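Chemist: The structure is given below, and queries will be raised subsequently.
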Amino acid sequence: MLEVIHTGLNIGSKTLLHDISFIIKPGEMVAICGPNGAGKSSLIRLLCGELKPSSGEVRWEGKSLAEWNLLQLARQRALMQQHAEVGFAYTALEIILLGRHPHHLGANRPQDYQIAMAAMQEVGAVHLAEQIYSTLSGGEQARVQMARVLAQIWESSQGARLLLLDEPTAALDPLQQHRMLTIARKWADKGDVAVVAIVHDLNLAAQYADRIALLRDGRLQAIDRVESIMTPAMVEACFDLPCVLLNHPDGGTPMIAARRHPSSSMIAT
């Protein structure tokens, strides 16, 4: 279980996150949404332990992240970053094998290659295995990075696992966006994996997440079931976007559509 307890983050004199609290259980997928500059990426960096909170704490499986052995934590928690720069001519397979490093203390083992290939199969990227990562398109790189983090937490024997995704759909076309979130949903449905994903598209978030967390100006505006978050009042309060509520014709998921004629105040901002 992931617990965020009255957590704040200051960088220098600037406060990026204010008194944030929530709990996410394995088997659940939570989407973090909010306008640009809301603090979404800062929050996910706190959740993975890359940043240390200025106040409060983040706990995984009942223990503060600061108390975890880093190697053991890396076997249970993986972060797919929004931008992953690679300075060497690694193949896609070699990038994915990086996710296996916490599981061995030397050369890759046969099972590491098997898991890496299974992860590539999971994201539909087997054909990219021997291609140089830097020559791939943004969308292909995103799929390789997804395979890397899946390979990192592949084994259920490690106990509960945490999958953190920082804008996993950012570089993808619509089909690949849905494929990526379908994979995230599948892993949450395993029952022992908690998934947290930053998603800019509220309608995408509503289709795949159990709950949506709305973040604005570093403050948690709300975290609730999709039906409670996807209301015109809630969305306008977070995004300053006048909108109407629709229901998806396939399944009835609540969807948001911006009003066709924005106000002059919207244009000005």
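These residue numbers are counts, starting from 1, taken along the chain as shown.
Cβ atoms are placed via backbone N, Cα and C, with glycine included.
Found this in Swiss-Prot, in case it helps:
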type	residues	note
DOMAIN	2-242	domain 'ABC transporter'
BINDING	GLY34, PRO35, ASN36, GLY37, ALA38, GLY39, LYS40, SER41	ATP binding site
Chemist: Which of GLY37, GLY39 (the binding-site residues) has the most other Cβ atoms within 10 Å?
Modeler: GLY39
Chemist: Grab the pLDDT values for the domain 'ABC transporter' (2-242) and give me their mean, rounded.
Modeler: 94
Chemist: When DSSP states are folded down to helix, strand and coil, where does SER41 (ATP binding site) land?
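Modeler: For SER41 (ATP binding site) - judged by DSSP and reduced to three states - the answer is helix.
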Chemist: Within its own chain, what residues at least 6 apart in sequence put their Cβ under 8 Å from the Cβ of LYS40 (ATP binding site), listed in sequence order?
Modeler: ILE32, CYS33, GLY34, ASP166, ILE198, LEU215
Chemist: Can you count the other CB atoms that lie within 10 A of the CB of GLY34 (ATP binding site)?
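Modeler: Within a 10 Å radius of the Cβ of GLY34 (ATP binding site) lie 24 other Cβ atoms.
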Chemist: Looking at the binding-site residues ASN36, SER41, which one has the fewest other Cβ atoms within 10 Å of its own Cβ?
Modeler: ASN36
Chemist: Beyond GLY34, PRO35, ASN36, GLY37, ALA38, GLY39, LYS40, SER41, what residues of that chain have CB atoms within 8 A of the centre of the ATP site's CB atoms?
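Modeler: Other same-chain residues with Cβ inside the cutoff are LEU215, ARG216.
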Chemist: Mind checking which of PRO35, ALA38 has the fewest other CB atoms within 10 A of its CB? They're the binding-site residues.
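Modeler: Each of the binding-site residues PRO35, ALA38 was scored; lowest Cβ tally within 10 Å is PRO35.
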